[in-house]
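Visitor: The structure under discussion is supplied below as structure tokens; questions concerning it will follow.
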Amino acid sequence: MTFKNLSKQKQKEVMEKNGNNQKLRVCVATCNRADYSKLAPIMFGIKAEPQFFELDVVVLGSHLIDDYGNTYRMIEQDDFDIHTRLHTIVRGEDEAAMVESVGLALVKLPDVLNRLKPDIMIVHGDRFDALALATSAALMNIRILHIEGGEVSGTIDDSIRHAITKLAHYHVCCTRSAEQHLIAMCEDHDRILLAGCPSYDKLLSAKNKDYMSIIRMWLGEDVKTRDYIVALQHPVTTDIKHSIKMFELTLDALISFNKRTLVLFPNVDAGSKEMVRVMRKKGIEHHPNFRAVKHVPFDQFIQLVAHAGCMIGNSSCGVREVGAFGTPVINLGTRQTGRETGENVLHVRDADTQDKILHALQLQFGKQYPCSKIYGDGNAVPRILKFLKSIDLKEPLQKKFCFPPVKDNISQDIDHILETQSALAVDLGGTNLRVAIVSMKGEIVKKYTQLNPKTYEDRLALILKMCVEAASEAVNVNCRILGVGISTGGRVNPREGIVLHSTKLIQEWSSVDLRTPISDALHLPVWVDNDGNCAALAERKFGHGKGIENFVTLITGTGIGGGIVHQHELIHGSSFCAAELGHIVVSLDGPECLCGSQGCIEAYASGIALQREAKKLHDDDLLLVEGMSMKKEEIVSAAHLIQAAKLGNTKAESILRTAGTALGLGVVNILHTVNPSLVILSGVLANHYINAVKDVINRQALSSVKTVDVVVSNLADPALLGAASLVLDYTTRRIY
């Protein structure tokens, strides 16, 4: 936003918003000679309008150190009242001293800011002292106006400058590029003022003043304009050793060039002490061609650089302010990399030899370039004052960032995450071994089926092989595997992942540790449970049992199994034998069951039981009826019995009716024992038994449980889905 056209009426409106005739309390904190040169013009402007502003000046940093010229005196000479002096520099001139100095400033500043209670604090630039100021003000809910944000340079200064930008509420920048950088950093455009550099307000009117007396005072009576050099070089904090070597080469080149040279001491950054040692080692302070000084007042300094034959070093002053006079500049190293410069600047990025620097001096010395106004047109201060007057203190203090529109990333959408988080599900059946990739929503993404080997070793090897293949394929189908769930027949200890013993359907499958070898091979967590329990878990997560507190699942397949969910939790029992529903005894003298007992539900209603009865009928030539045919080598199965019953075979109908009655009696016992609110029949035989079960309930059950719903599962593959639920419920919700 540009504030050139901010009307007096607008200023009046803002003043009224902030309170009738309420002055804006402005705290200007200055840390060193360089930032004071930028802040002083603003301070003069604020002081000149006492009807709008109250000015408090805080001085800290190298201003108060004798080795750096006690530059606080120039603030006093400018007739500013210094409210507070804070000694914040920890001597040492190394990286640790810089950090300690920031810490010391952070300790001392809160008391000062509590006493001053400014409406706004003006902070300049990219020095470590300025970072302490901005941090303190931000944490104490004081609005911050940052001068010269958005610029780019080398060293740690870049990071500090951008950090202050993020803390600041308002921004005064000097160039169009800096303004664009601030916008790119998501700062509010309405709080950015493109004003130019405040020091240019003084620079562009400086050349008409008497300058020869100033030149003679600092460089000697015999010096002429354009016949001397100004050298100002600072340490590069990210490469101190190299910057000291570069300074040594610079001094050697200047000695060889043999021109009168004014050398200013470096700033207080880490490495400055070593640079001063280099100066003294080479005798610069006593060399006839050199004048070494700690500080030159800014008014005099700008006269010196305006009429110099060349300026050399790595100070921002060389690439910024000196361009206003067209004075040739040699910029050494990387400290100002990224700064906008005029044509007067010659860069020597890799200043690694004396000859290279000497050659640059020969090219630049004595030239005169066009004046550059990249950094300002001399009217920055009036714009800044208008900007300050426009600040509405009633606006929320919390700054907002203007982020650019960002295209939605589907990988961060919760639906996408739920779809791609997946489990490896393993179903160990009496006939087949199946492995599937199952998504969070219950979709079977990929399924693998092999015949279940007869021996333990072959079976385990095949499980590992299929799981490894499935895990590799998961990457291709964009699935992230969270773990492995295994559904198996028999009695299982789910806590240890061990099959305690199995039915006769799966041979060599007792005392088998499934968790350890599979987890070791895949580096994934592994869960194991009984196939009936897994069917119940599948219903709880994906089927009719979702959201039901108490329900029972009966799985009707090769055998009869089931699972009981009570208060949303699966019941395992004290010895992991709960919900062996296929072995509920419904007749004392019924057929023999594979478990060794007689009259179990499984002995009547399982696929094996139906196959047994079908074979008996077939052996007696009583199975096949009109419309049925069997090949000679075809094995008789339960499916043939069901087909015969459908075609009117009364004996087949009677067998199925008996099986349905046995299953119904088992369900009645379940209703009377655990009192669920829902019974789910699952498996390939469920549809054939549903009506018979309901009839038995109506005839045999207590009236209090006759209304319990009995439904057929709508899940196509409950064993695999249940195995997946072992993983998905635990890893995402910690339920199981």
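Glycine is no exception: its Cβ is also placed from the backbone N, Cα and C atoms.
Among the features that TrEMBL reports, domain 'UDP-N-acetylglucosamine 2-epimerase' is placed at 52-389. The N-acyl-D-mannosamine binding site annotation in TrEMBL covers ARG491, THR503, ASP531, GLU580, HIS583, GLU602. Residues annotated as active site in TrEMBL: ASP531. Summarising the annotation, TrEMBL assigns Zn(2+) binding site to HIS583, CYS593, CYS595, CYS600.
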Visitor: Cβ within 8 Å of the Zn(2+) site centroid (HIS583, CYS593, CYS595, CYS600 excluded): which residues?
Guide: GLY582, VAL585, LEU594, GLY596, SER597, ILE601, GLU602, ALA603
Visitor: Nearest of the binding-site residues to CYS600 (Zn(2+) binding site) by CA-CA distance, picking from ARG491, ASP531, GLU580?
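Guide: Nearest listed residue in space: GLU580.
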Visitor: CYS593, CYS600: which of these binding-site residues has the sparsest Cβ neighbourhood within 10 Å?
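Guide: Selected from the binding-site residues CYS593, CYS600 on minimum Cβ neighbours within 10 Å: CYS593.
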Visitor: Give me the count of other Cβ atoms within 10 A of the Cβ belonging to GLU602 (N-acyl-D-mannosamine binding site).
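Guide: Total other Cβ atoms inside 10 Å, all chains included: 28.
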Visitor: Across the domain 'UDP-N-acetylglucosamine 2-epimerase' (52-389), what does the pLDDT come to on average, as a whole number?
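Guide: Averaging the confidence scores along the domain 'UDP-N-acetylglucosamine 2-epimerase' (52-389) gives 92.
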Visitor: Report, in whole Å, the straight Cα-to-Cα distance of CYS595 (Zn(2+) binding site) from GLU580 (N-acyl-D-mannosamine binding site).
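Guide: Spelling it out, the Cα of GLU580 (N-acyl-D-mannosamine binding site) and the Cα of CYS595 (Zn(2+) binding site) are 11 Å apart.
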Visitor: How big is the Cα-to-Cα gap, in Å, between ASP531 (N-acyl-D-mannosamine binding site) and CYS593 (Zn(2+) binding site)?
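Guide: Here the two Cα atoms are 19 Å apart.
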Visitor: Tell me, which binding-site residues from ARG491, HIS583, GLU602 are within 10 Å of CYS595 (Zn(2+) binding site) if we use the C-alpha atoms?
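Guide: Checking each Cα against CYS595 (Zn(2+) binding site), the hits are HIS583, GLU602.
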Visitor: How many neighbouring Cβ atoms, not counting its own, are there within 10 Å of the Cβ of ASP531 (N-acyl-D-mannosamine binding site)?
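Guide: I count 26 other Cβ atoms within 10 Å of it.
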Visitor: Please report the Cα separation of HIS583 (N-acyl-D-mannosamine binding site) and CYS593 (Zn(2+) binding site) in Å, rounded to an integer.
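Guide: Distance between the two Cα atoms comes out at 8 Å.
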Visitor: Fewest other CB within 10 angstroms, which one of the binding-site residues ARG491, GLU580, CYS595?
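Guide: Looking at the binding-site residues ARG491, GLU580, CYS595, the Cβ with the fewest others within 10 Å is that of CYS595.
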Visitor: Taking just the CA atoms, what is the gap between GLU602 (N-acyl-D-mannosamine binding site) and CYS593 (Zn(2+) binding site) in Å?
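Guide: Answer for this pair: 7 Å between alpha carbons.
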